[in-house]
Amino acid sequence: MGTLVEPALLLLLWQSVWALDIPLEVRQPPTIIKQSMKEHIVDPKDTMVIECEAKGNPHPIFSWRRNGKYFNVARDSQASMRRRSGTLDIYAKNNPEQYEAEYQCIASNEYGSAYSNKIRLQLYRAPVWPREILEPVVVSAGLPLVLSCDPPPGPPKPETYWMSSSFPTMQAVRPDRRVSMGVNGDLYFSNVLINDSVADYCCNARFPYKNVIQQKMPVVVKVLTTRTVAEAAPTWLSPTGSSSSILVLQGEELLLECIAAGMPTPRITWTKDGEDLAVTSRMKVKNFNKMIQIPKASFDDVGEYTCAATNRLGYIEHTITVRVKAAPFWLEKPTDLILAPEENGRLVCRSDGAPRPTISWSINGEPIETADPQPNRQVSGDTLIFRSVSASNTAVYQCNASNQFGYLLANAFVNVLHATPRILGPRNELTKVIEGSHALLDCRYFGSPVPELRWSKYGQGNLEGNRFKTHSNGTLEIKRIRIEDQGTYLCIISNIAGRDENQVRIEVKEPIIIVTKPQSMKVMRGTDVRLECGVKADITTPVTTNWLKNKKISLDESNLVITNVNRGDEGNYTCVIKNELDQKSASAHLMVMDRPNPPTNLELSDPYERTVRLSWVPGDSNHSPITEYLVQYDDDDWLPGKWRNLSTYPGTLNSVILHLAPFSYYEFRVIAINEIGASRPSRPSTLNEIHVGCNLKGVGTWRNNMEISWEWNGPKLKYLVWWRRRDSREEWKNATTKWLKYYIYDADTFTPYELKVQAVNDFGMGPESPVVIGYSGEDRPIAAPLNLRVSDIESTQVTVHWDTVTRGSIMGELKEYKVYYWRDSSQLRWHWVNRAMKSKSFPDDVPEPSGTVTNLIPYSNYKMYIVVANNRYEGPPSNSIHFSTPEGVPSAPTSFRIQQRHLDSIYVDWDLPAEPNGIITGYSLKYQTGTGEELRVEEFPPNTTSFSIRRYDRYTRYRFSVAARTRLGLGEWHTEESPHYTTESNLLLSLCINTIGLVENKHFEVLNGCCLCVLVCLSVRSGPEEPRGEIPRYSYSDNCLLVGQKKTLEGIILRSDSDDSLVEYGEGGEIPFNEDGSFIGQYTGTRRDVRELDFGGSLELHSPMNTIYSLA
């Protein structure tokens, strides 16, 4: 591209663009304030809506063009326009295809006509995959294989993935060095193995407009085996041949892919322009080195990329030539112009692209070349110049910047009128501010010619400079306000037509100062605690004190006293002091020491004649370390409950060997001890009666059986096993076996049995073991919990309630109630969500059960059901319920970028948060220099995601932080720091070389660019030697004559994220899936482009600007 004209060198004497909104009561031409996207996809089954809203005085009249011709909406029985609006509603019950066309909205009044973009209406057609019978694919082992996908085309373009099925399961095909899913959706095998024939392969396509999945008929792969698998040198599967080329637009995703066949599987390596590929933060190498992904292409990515495939039999190369072009993007967009008669003005329409866009002007939609000529109007390149304007110049002017890859259209009106100065908004306001803060005194005004504005205090002098700054919209900013700044301020505006003034009174209050802050404490249970919070504040402004415990309001007192503290009082306490202007807070943590909680989950293992191992899970120490454990036992079968001390063990142990007497019955419990005291005893050991050398138990392995097992050590033993139903009058049944287990069958489901066993040898029978209770097998529960409901819905959690099922319907031992829930959609209709199912278990069985589900995402719609589970099965699901979470604060904005478009300015922009968590109401941007100057804060509406700042000098670095806001407040901050440049000469030289490298040889501008670069390079070369560590100086011979050589300047920082995974699988048909289509454990994330969003106005995107323009 050729060089551009530096904007700062243009005519400086022309009237500036009016920066404020024009009051609607002032006569003015139309302005379009809302319109549909250029590419508009609609479902013909629904009402097709094409939006067009405009304002003006008089109110505009709307009309439409279709395919460049007048569209008579009134005569079309299936179309209508909304009242006082241009929005078009089409009810196409018959032949909706006739409405698939290009539309343009026109808003007109007596002062001009504004035009919308050309909106291409496309009909969404339900994707249909041909129901074809695919013949089995037969291939010999070791040969390559390509399975084609060929999904329905859309719009929009679908996302594809492959599944493999082997009855009864189905799972995603996992890419590896040998198996690849190509960019075109095909499945590639570098060589096939015998294992590839064990499953069928099925291509799936996800269509994002309706979020549905379509499945292709599966294909069967049969692999023929031979005694030996022949090895083969690499050959290309995709792309084919030795070279190819790719054209990508700036800002779009660039994917470079090389997939090779061969046996053994070839390895892929990459080079760029003959050198090893340098992987940057903007670039990702994926799919086992077979793909390069650049989410947002730039001109730095131009070049020749060579991929090489290698195995032990050969080596091949393929060169991909990457060319980057750019659709037009704005450098300076024309804005509305208010002029008084005989004033001068200009409209600037500056854009760029590759190739350079063509600029054309229209007046009220008519090309300026055919419009009535006006001697005081002149077109000069991308600028429309007006001299000594009159009322005849009032009109809406359209600027069109276009090249072969797209176009930009902007409306800007010129309104010529005499208007007496007026101050807009409320008058005689009282503003209260805190000492040391910034005060903003509003004085929005309007008038033509542009009035002069002056601020004074008590009507004397002119406030400007030092701590006072007057903004272009009339607002007076007072920095670090002082007590002596209190008083009455006068805003005066005037022009030749008159004057107006307004008073603003300021009262300066002392800030709140917490003089006594609450102190963190560690206290013993049962003591009293006093938390103090003393403050100093302005006596004229009453303050209130609130105490928060773990972010919830607890008390409303200046000092907080807690008597007889217990563990429930532990937490973070914050005193919040606030008045109508200020708020301060201070926090402290209260830690309560107590006796330890009892140990849990006692287990006995490794039984021998005289020893057994006892293990437990330590309870909470309650902030006082456990010093020892006391183990107690009960060995009296006739008088249970007589606990005796067995031994003590260090507090660091939770598993010990107990020494016991043989052939005795034991149960154990453990007590934890710390400095405060002893815990309550644990529950007795899980095996209530322990017969050392037995360990008898009965467990069902199927619904109608029970496995009776035991442990015993001794030579030549047989065992006599006894069983009967508990609480029945039936006789004991028995059997003899030489094994350590025995099975009984035909048992009822989950029925308790009494069990005992005794050993038998040649000398007779031993003593009987104690009777234990065993249970036959469990079956699937037959009932679902009823009356599932929710309460206390918060942004990230909800309380769940349900009615319990009867014991008999559980068909086993109650293990838990399990809630299944998933995020069905966002309350923001455009926001895609991950619909992966989650679950949470609640083991308690109480008459009125409830539980809390946490980690929910705010401002979302959820679905939920509940099941009951025993140790083997889950029961049927309950009724599904729906609930919605309220708004929360958003996550950090994404894709934060810092660019240097000129030598003396920095441009920043960002994207929506990944999780808005509500309706975005605006953004806050904080920035300051690296030298620690004062922090500046800018506030933006939700449809503004960019900001530019003029630097104090060309070497200062800035730190920027941006956060999104909902009505609940600010979300997470995203912080970046601008890049660093050492010297101006180095920056100019690098820009010069970059310019030469980007100019095409056939362009006439090459000569001018080369001459300019030679002069700059000679000038830079004559300077002093650069210090170490800075950009090296280039000589005339090395760089200034190498026109084709390209040097890059790290003046633009582009960051992006990309997630790769598979979407959910559905069994054919149109099935709604998650935002990312996740299923069977595979997930994918997609970020919706901000261009698809509508904030109530036309949302323009700013493309990254090449740094060479700052030399123009």
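Using the three backbone atoms N, Cα and C, a Cβ is placed for every residue, glycine included.
For 30-122 (among others), the entry in TrEMBL reads domain 'Ig-like'. Shown for the domain 'Ig-like' (30-122): DSSP residue counts in helix, strand and coil, namely 7 helix, 50 strand, 36 coil.
In the domain 'Ig-like' (130-220), the DSSP tally of helix, strand and coil residues is 4 helix, 39 strand, 48 coil. Feature annotation from TrEMBL assigns domain 'Ig-like' to 130-220 (among others).
Sequence annotations record features per position, and here TrEMBL assigns domain 'Ig-like' to 234-323 (among others).
The feature domain 'Ig-like' is assigned by TrEMBL to 328-415 (among others). Per DSSP, the secondary structure of the domain 'Ig-like' (328-415) breaks down as 3 helix, 52 strand, 33 coil.
Per TrEMBL, domain 'Ig-like' is recorded for 421-507 (among others).
Among the features that TrEMBL reports, domain 'Ig-like' is placed at 511-587 (among others).
Annotation source TrEMBL lists domain 'Fibronectin type-III' at 598-693 (among others).
Model confidence over the domain 'Fibronectin type-III' (694-779) is summarised by a mean pLDDT of 82. What TrEMBL lists as domain 'Fibronectin type-III' is 694-779 (among others).
Per TrEMBL, the feature domain 'Fibronectin type-III' maps to 784-888 (among others).
Feature annotation from TrEMBL assigns domain 'Fibronectin type-III' to 892-985 (among others).
Sequence annotations record features per position, and here TrEMBL assigns signal peptide to 1-19.
Helix, strand and coil counts from DSSP across the domain 'Fibronectin type-III' (784-888) read 4 helix, 48 strand, 53 coil.
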